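See below for the structure under consideration.
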Amino acid sequence: MLRSLLLLAPLVGAAVLGVRDNSQECPGYKATNIREGRNSLTADLTLAGTPCNTYGTDLKNLKLLVEYQTDKRLHVKIYDADEEVYQVPESVLPRVDGKGGSGKKSALKFDYQANPFSFKVKRGGEVLFDTSGSNLIFQSQYLNLRTWLPEDPNLYGLGEHTDSLRLETTNYTRTLWNRDAYAIPEKTNLYGTHPVYYDHRGQDGTHGVFLLNSNGMDIKIDKTEDGKQYLEYNTLGGVFDFYFFTGATPKDASIEYAKVVGLPAMQSYWTFGFHQCRYGYRDVFEVAEVVYNYTQAKIPLETMWTDIDYMDRRRVFTLDPERFPLEKLRELVTYLHNHNQRYIVMVDPAVSVSDNVGYNDGMEQGIFLQTQNGSLYKGAVWPGVTAYPDWFHPDIQKYWNDQFAKFFDRKTGVDIDGLWIDMNEAANFCPYPCSDPEGYSRDNDLPPAAPPVRPSNPRPLPGFPGDFQPSSSSKRSTKGSKVGLPNRDLINPPYMIRNEAGSLSNKTINTDIIHAGEGYAEYDTHNLYGTMMSSASRNAMQHRRPEVRPLVITRSTYAGAGAHVGHWLGDNISEWSKYRVSIAQMLAFASMFQVPMIGSDVCGFGGNTTEELCARWARLGAFYTFFRNHNEITGIPQEFYRWPTVAESARKAIDIRYRLLDYIYTAFHRQTQTGEPFLQPMFYLYPKDKNTFSNQLQFFYGDAILVSPVTDGSQTSVDAYFPDDIFYDWHTGAALRGRGANVTLGNIDVTEIPIHIRGGSIIPIRSESAMTTTELRKKGFELIIAPGLDGTASGSLYLDDGDSIEQRATLELEFTYRKGRLRVKGKFGFRTDVKINAVTLLGQSAPASKSGSVASFDSGRQAVTIKTSLDLTGPSEIDLN
């Protein structure tokens, strides 16, 4: 949502790093009392000299724990001996079992030097992580560790950012400190924290390094004066809790990461449909009109969304009684449900400090953040003066469940189908120190004035209820607590990370707030606020409907968020640069951070889109997993039906997306079961091809579909890279033999997007599209067989009831094609009336021996299509010769 109010606040420059090289001045540590077991190593680490106390007090006694957790995963943890220093709570990110591995069998090996202490992680004879270049620093408010890297490394990850997918390696700093970041600027910290990087070394494999630490940090990637490459961690606290994992390919490494942070949550079938939203729908009549207009334009609309416009003076858990009265809003939701469509609204964390149910209940239960003197902590957001829920409070889940149960009650409230949570970094418009939130709200017109009330809809909407037609009248630290050391400066730490907003507390919750429950400081847990709201919100949605998969889309995330929620990429703007960077962002979240329900605001959120940009973005957005058009109140309306070319582009885009929806659903389900990514950079499938390592403008949609969008305005061609393999044009069926070079694809109309099927694939598609996913599930299937260079192909299909958390029966099919024969086998538990009605074999120069009504040959597409009537009830085999 637009953050224009931030412009009213005084600007605070980004913090500047210290000028001296601390690692050379500090003594480091020496390892003693070293004990090695079958799958572990422990040691005491003692400060090796005079403390340097550069950005805090050097801790004299540390512990080292090394665990060979699996054959592909190594855990290395350096922490304080008294275990007072804050560690990420297991309630936020549960730890994986570390007892199954063996040092002898592990692909990763841990080596160390005792004095001064340093360590290396090796894979075979190759060094993956080497801290010998500088001394370990472990201070009360500053941790530093540096590792050497190979020359010109292929590094990825360290989100959230809008920089290149393959990270820069000279004078580059990634700052992790979640913030409200309008326009998602480059080279800054954004909404989420994902402290994991992947190092891809071509044919030697890929490894990942995850630092389980939620404190603010700078991660620097640079070269020394003599040209040696390094990566350096600079954190404001916490411990060094590393997970190293390795794989033969990038995909394998991503799978290993999922085992650490949790497998993604499965989503309902309908969530992959098209979604529409806008900040600025003035009333329920306008929302209804948008729904009606999509239907009239014959553009499928699965889910209608409403931003904070529906609220009474922007207060959560309220309705504007004049513009979104309960009775009319319930009528709209009923209309949507009767037409197999859905409805979603936004909920922010900040609760208005005023007489309303959310605030009154929260005060009664004491679940809001408090200052250290026990008074209510207040900020200023859209409704004006606000209080913030304390997600660590022992009663917070009950409070959140109760608010959802009352406001979103199916019989008496707003019966939403999914949830959108925003502003949960947490955002605070009032700059630090926010000593007068009341005055700030008054001076900045918070809440903003609502639009004039319309007594009825100004135009008729045939099919909608009468109400939508025109009216005739018009805790403190103790030893072993792991909650944080005492006597720290929680507002202005000695080391300042490069937070774009300036001081740590600026435009967010004060970092000296102490949470209820265990007594964690906001200083340590700031980056967890959004992900904890996500977990509580998912639980509250599930409490409403225990049997169905809850869709929750969040702005702020932390490592492991995908196990609970999806993510939209925040407040982008309507520019080609944001269109392009959305690809890299999507790939990082889906493949590297294990948050596969992902997408950006199609056509752009801020500013005014153009017809060409929106038409191109409609085609690209159809290949996000989360596909939503959304923009802000000061921009021109940009629903797809507003321009003829955009409407045509959207119809084409959704037609292909919906026909592919079961292919999407199948691959998405696989990721939730194994961690195998669905959306992938090119180098995930061609890990030995160096030309793919920095390609961030093409991507694979599953293993079978290569998408090569036009990425600049006024262009009708794209230079697309095709690895050494065979591909088939989605539209024409023409075979394209890739040679590891660029191919110019021309004459690409603004309503089109280049799509190619990778050889060796079998893709199940629906025989035709539909206006809703409910109707889509009634359509039959076709199989497209795209033989690989060896003449074989394979694919899969997963079906279930599309909604339930616990599935009573599933259909899991495997397709194989070899020597002219198609075989179908698998698990046939889920019953469906639809059949496989046709099989199309690409890459054929002559018709099949079959003739008549059974088979047909298309010489233009070089494809043979055979009509079938295969029930999905048991194994089958077809001769395609």
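Just so it is clear, glycine is given a Cβ too, placed from its N, Cα and C backbone atoms.
Copied over from Swiss-Prot:
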SIGNAL    1-14  signal peptide
CARBOHYD  ASN171  N-linked glycosylation site
CARBOHYD  ASN293  N-linked glycosylation site
CARBOHYD  ASN373  N-linked glycosylation site
ACT_SITE  ASP422  active site, nucleophile
ACT_SITE  GLU425  active site
REGION    440-485  region 'Disordered'
COMPBIAS  448-463  compositional bias 'Pro residues'
CARBOHYD  ASN506  N-linked glycosylation site
ACT_SITE  ASP571  active site, proton donor
CARBOHYD  ASN572  N-linked glycosylation site
CARBOHYD  ASN608  N-linked glycosylation site
CARBOHYD  ASN742  N-linked glycosylation site
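Within its own chain, the compositional bias 'Pro residues' (448-463) has Cβ neighbours under 8 Å at 282-283, 285, 288-289, 292, 295, 313-314, 320, 322-323, 382, 469-471, 473-474, counting only residues six or more beyond its boundaries. Cα of ASN608 (N-linked glycosylation site) to Cα of GLU425 (active site): a distance of 26 Å.
Of the candidate glycosylation sites, ASN171, ASN293, ASN373, ASN506, ASN742, the one lying closest to the residue listed as 'active site, nucleophile' when CA atoms are compared is ASN506.
Around the Cβ of ASN572 (N-linked glycosylation site), the same chain contributes ALA183, ILE184, LYS578, SER582, SER600, ASP601, GLY604, PHE605, GLY606, each under 8 angstroms and 6 or more positions distant in sequence.
With DSSP states grouped into helix (H, G, I), strand (E, B) and coil, the region 'Disordered' (440-485) comes out at 7 helix, 0 strand, 39 coil. Note on ASN506 (N-linked glycosylation site): other Cβ atoms within 10 Å of its Cβ, all shown chains, come to 22. The recorded positions shown are ASN293, ASN373, GLU425, ASP571, ASN742; of these, the one with its CA atom nearest the CA of ASN506 (N-linked glycosylation site) is GLU425. Straight-line distance linking the Cα atoms of ASN171 (N-linked glycosylation site) and GLU425 (active site), rounded to a whole number, equals 27 Å. For ASN293 (N-linked glycosylation site), the spatially nearest entry among the recorded positions ASN373, GLU425, ASP571, ASN742 is ASP571, judged by CA separation. Counting every protein chain shown, 17 other Cβ atoms lie within 10 Å of the Cβ of ASN293 (N-linked glycosylation site). Within 10 Å of the Cβ of ASP422 (active site, nucleophile) there are 26 other Cβ atoms, across all protein chains. According to DSSP, ASN742 (N-linked glycosylation site) sits within a strand segment. Put simply, of the recorded positions ASN373, GLU425, ASP571, the one whose Cα is nearest the Cα of ASN742 (N-linked glycosylation site) is ASP571. In this structure the alpha carbons, written CA, of the residue listed as 'active site, proton donor' and GLU425 (active site) are 13 Å apart. In the three-state DSSP scheme, ASN293 (N-linked glycosylation site) falls into the helix class. Cα of ASN373 (N-linked glycosylation site) to Cα of the residue listed as 'active site': a span of 24 Å. ASN373 (N-linked glycosylation site) carries neither a helix nor a strand DSSP state and counts as coil.
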